[in-house]
């Protein structure tokens, strides 16, 4: 007896939370020529390895060099640790897709990737707020910096950022696990992002759409406002510095930080803080690359590797002759 398509779908869904779809196909960059995909994979591989090396180096130097064991570098080392996992959550699968053409991903892997991507992103926003507060205290309250930014407070702030990021987003994993997928299984992206994943579900995703939209908008725009308030206060303090060289140095440091913030917040606002219908698939993919590949790649250079103290620590760690940039205490 022949079954209609609707009957097949009903049988595939079965009872409860069973689903007919066992895996998804990630369609990101599928329109590119095979040679162009291979070339792009080599570029991304080089950027990924550089990201891993740079961030691992920062963590190592902060751990072994006493000059870098300050609140600022403590936060930077945590950000470096986070960036390793954040970029790995999407880039490894993207490299497999571009180099071998294996585009399938299981449901559980897809849900896990979606959860870690958002949870690590939330944690990063929280760390960026903490780092902007640290810079505000260092520049605007230098005499009270040591008294305010004690090791205990720094540890509590970092732990709070990590715990909140992963516990508050646990609702997502629960709701994702309850979704059923009984139709098309092609995700028009290079990773399991929220919007294309929800559109494939034959369950009611209204609650997930609303929760994600409200929560992500609150986190992105809320943290951005806090950071901008901190930097407005910092710029006000810089303008009142008596030394012209001190003002130039502070402005140069802040401008590089703001460039990095513009990349991460600009990409997130385009992707998540506006209606998804207003963004084309190609724009989504390119902007997501800025967020998942370019920003983690630039972070070590922006926050640490241009710093003279870090350069000196790196030279000593590599066994080069010591050139003292500062007088010994």
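In case you wondered, yes, glycine gets a Cβ from its N, Cα and C as well.
TrEMBL does not curate its annotations; it predicts them automatically.
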Worksheet, complete the sentence: Checking 96-114, 115-133, 134-152 against TrEMBL, the stretch recorded as transmembrane segment is 115-133
Item to complete: Can you dig out which of the ranges 38-61, 182-205 TrEMBL describes as transmembrane segment?
Response: 38-61
Fill in: Highest-contact recorded stretch vs the transmembrane segment (115-133), from 38-61, 153-171, 214-238, 250-273, CB pairs under 8 Å
153-171
Discussion item. Within the same chain, where does the transmembrane segment (250-273) have neighbours whose Cβ lies under 8 angstroms from its own Cβ atoms, ignoring anything closer than 6 residues to its ends? I mean 6 or more beyond.
Written reply: 121, 124, 128, 135, 139, 193-194, 212-213, 216-217, 220-221, 224, 227, 231, 234-235, 238, 241, 279, 283-284, 287-288, 290-291, 294-295, 298-299, 302-303, 306
Discussion item. Which residues of the chain, 6 or more past the ends of the transmembrane segment (38-61), have a CB below 8 A from one of its CBs?
Written reply: 29, 32, 68, 76-77, 80-81, 83-84, 87-88, 91-92, 94-95, 98-99, 293-294, 296-297, 299-301, 303-305, 310, 313-314, 317
